[in-house]
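Enquirer: The annotation substrate binding site is assigned in TrEMBL to 9-36, Lys420, Lys422, Ser504, Arg531. For Asp687, Tyr688, Asp689, the entry in TrEMBL reads Ca(2+) 5 binding site. Sequence annotations record features per position, and here TrEMBL assigns domain 'PH' to 1-111. Residues or ranges marked as domain 'EF-hand' by TrEMBL: 121-156, 157-192. Feature annotation from TrEMBL assigns domain 'PI-PLC Y-box' to 475-591. Marked as domain 'C2' by TrEMBL: 591-718. For Ser172, the entry in TrEMBL reads O-linked glycosylation site.
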Amino acid sequence: MFVGTVMRKIKSRTWKKQRYFRLQEDCMTIWYKSKKEWLSRNKDAQPFSVGDVEAVREGHQSEVLLSIADEFPPDRCFTLVFRGRRGNLDLVAESAGEAQSWIKGIRKLIDNLENMGQREKLDQWICDWFKKADKNRDGQMNFKEVQDLLKMMNVDMNEHHALRLFTTADKSQSGTLEDDEFVLFYKMLTQREDVLRVFQEYSGDGQKLTLQDLKDFLREEQLREDGVQQYALKLTERYEPSDTARMLQVMTFDGFLMYLTSPEGSIFNPTMVELYQDMTQPLCHYFISSSHNTYLLEDQIRGHSSVEGYIRALKRGCRCVEVDCWDGPNEEPIVYHGHTFTSKIFFKDVVTVLGNYAFKASQYPVILSIENHCSVEQQKVMAQHLTQILGDKLLKTPLHGKFPIGLPSPEDLKGKILLKGKKIGGLEDSMNGVVDDSLMGEVSDEEETAEFNDDHHRNDSIRHRKSKQSLSKELSDCVVYCKSVHFSSFKHSQIHSKFYEISSFTESKARKHIREAGAEFVLHNARQLSRVYPSGLRTDSSNFNPQDMWNAGCQIVALNFQTAGVEMDLNDGLFCQNGHCGYVLKPAFMRNIDERFDPENPQNGGYKPLSLSIQVISGQQLPKVNIKEGSIIDPLVRVEIHGVPLDQAKQETRYIDNNGFNPVWYDTLQFTIHVPELALVRFVVEDYDKTSKNDFVGQFTLPFTCIQPGYRHIHLLSKDGTSIPPSSLFVHVRITKLT
């Protein structure tokens, strides 16, 4: 890998070009360039970081490589899958041995990176900056390179101060910085005065925290109540770099900073990152991470359909995926967004991917939501594929063979795939053997039609006609706990609905019900499942605000996972708790049918509001948003509360001129939270611009109930939801009861 290898980069059956790939000395960066650039020794190359690679797939495990399977054997092919929404890199090596060298090598590097400690990660960041700044690659940095580096790092520092730091770090007085000298320069540059101030407030001598000092800090600031002595000892053992200090059971400033930037010093309570909720309640008592038109990677009109959409969604913990099925060639059903120009994929390929990836991120059940437009003959083929490919994973009969009295729990359904779709008769009929082979049900594409009717629009290019068609018994028999039914009214549902029935609502219909009968909607969702999906007018694959639907207890709130933005940030924020398992238990007042919670008027339920105070202290190494030479951001922080209408709020800090490296605010923002169980808190950093819209820099969203009080770091995420270390915010959080 260090020597470099020529491999083919494949984009399609017709686009196959040779590229030269080489691992850099840092063991973190891979460069690749065209053969022409390589032969001319052109220094321009496209690098990517090993940290950006999520997985390496061997063989023909992508649509692109499958399309050229007849040309190149699988043992020479592999796919690099990147984090976020970046496309895959499909490669063909010259030999099987060469392919294995890269497959094993990259996997080992990923493994090393994931097992790095904080100190090693810090060393790696320092090394990365050195490599970026050392333009002539001589292993040394002159003052001009240091000035360029400061601009790259988002630092606006006057020349005199920069020269003073440079001279102090240049111990050898050679006029350049080498290895250790650069580390010293970096540490002077990243000196955390804000954390030092807190450290010295609790340190008796300003040099160390004794065990008692640390216990005082943990009790008074971090509001730690139980087992404080053991916790203080554990932190010292885990984060204190000095052997002597550890032996004396004291913590130096370096150890204190390491603790505050660790997962235990994070704003997100680490005990809630793990699976911590009761998973034995009925399915309808959980919010379920759900995707809309999962097969699309882009827009709804001309977008590319791909099984990659399912792989990405499932690996993000999504537990409800959607397929639009239509009659295809040679009796093979196809999946695409009907009556549009989106590309088509085979239904059997989607089912194969579902079988392979359904339980990689979570063992809890996956719901396959079928939008069925197929003829009876091709529905039989669908049923055959589901049964043969998924085998025991597909749930075809009620659990334990007995007629259930309510929905099973995620725990009961571990490792199972449930089909959501139309069903002939009820669960009772099929269990009693009442439904005979000759009986045909009726299926209509009413959901798609409703999207357009609800929004009082007709879009000629994608007009949907309401059609009635027969339903095959084979496909009907695959539906057990998720029978799709038309919704009439809450009163009708209360009297006639069965627990295994599920209705789908367009976003506008759902909003109307919340406005007019919010409490009834919450009760309806305590008894059975509801699905809400985006308006058909969102042809750009934009999303609606899912919070409105969660406020009413809707479980399956289907979003376009391929579209980044605040809506997907909220979805990621809600489901990043509970082991990322895709299921989050609803608050007790939304599960109890004797309660009457109305999201529009929560104060009627006698809830005691809380006060949230957030002091935004500082930011660390915020990413550049404008790649223009010398451009440095003017950051501000906005804190948004997403919850019931009464709790919706946002406040901002001032913006700081020309400092994305270590801006300091000490601005305090105050909020009142009436329904904390439903609130999400979103921290957004933007680059202030007085003449146009602010540019997005980074964000982090988490449930209010997962917040740790005290001095905390917030590790920012990119627009795609991937981490951007070492970018962070430092805050102080207080939550108190309002009397």
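Backbone N, Cα and C atoms are what each Cβ position is placed from, and that goes for glycine too.
Any TrEMBL annotation is an automated prediction that lacks curation.
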Enquirer: For the domain 'EF-hand' (121-156), could you work out the same-chain residues 6 or more beyond its ends whose Cβ comes under 8 Å from its Cβ atoms?
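Expert: Answer is 24, 26, 28-29, 162-163, 166, 174-179, 182-183, 185-186, 189, 621-624, 629-630, 632-633, 657-662, 725-726.
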Enquirer: Taking the Cβ of Phe21 (substrate binding site) as reference, which residues of that chain separated by at least 6 in sequence fall under 8 Å from it?
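Expert: Phe21 (substrate binding site) has long-range Cβ partners Gly4, Thr5, Val6, Met7, Ile30, Trp31, Tyr32, Leu91, Trp102.
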Enquirer: Hey, for the Ca(2+) 5 site built from Asp687, Tyr688, Asp689, who else sits with CB inside 8 A of the CB center?
Expert: Ile633, Asp634, Pro635, Leu636, Tyr655, Glu686, Lys690, Asn694, Asp695
Enquirer: Short question: which residues 6 or more past the ends of the domain 'EF-hand' (157-192) have a Cβ under 8 Å from it?
Expert: 123, 126, 129-130, 139-143, 146-147, 150, 257, 618, 620-621, 661-662
Enquirer: To what whole number does the mean pLDDT across the domain 'EF-hand' (121-156) round?
Expert: 78
Enquirer: Based on DSSP, tally up the residues of the domain 'C2' (591-718) by helix, strand and coil.
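Expert: The composition, in the requested order, is 14 helix, 60 strand, 54 coil.
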Enquirer: Return the single residue from the binding-site residues list (Arg13, Lys33, Lys420) that has the minimum number of other CB atoms within 10 Å.
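Expert: Per-residue Cβ counts within 10 Å for the binding-site residues Arg13, Lys33, Lys420 bottom out at Arg13.
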Enquirer: What is the number of residues in the domain 'EF-hand' (157-192) that are helix, strand and coil, as DSSP sees it?
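Expert: Helix (H, G, I), strand (E, B), coil: 22 helix, 1 strand, 13 coil.
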Enquirer: Taking Cα atoms as reference points, which of the recorded positions Ser172, Asp687, Tyr688, Asp689 is nearest to Arg13 (substrate binding site)?
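Expert: Considering only the listed recorded positions, the nearest one is Asp687.
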Enquirer: What's the CA-CA gap between Asp689 (Ca(2+) 5 binding site) and Lys9 (substrate binding site) in angstrom, rounded?
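Expert: With distance taken Cα to Cα, Lys9 (substrate binding site) is 40 Å from Asp689 (Ca(2+) 5 binding site).
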Enquirer: Do any of Ser172, Asp687, Tyr688 (recorded positions) have a CA within 10 A of Glu25 (substrate binding site), and if so which?
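Expert: Matched recorded positions: none.
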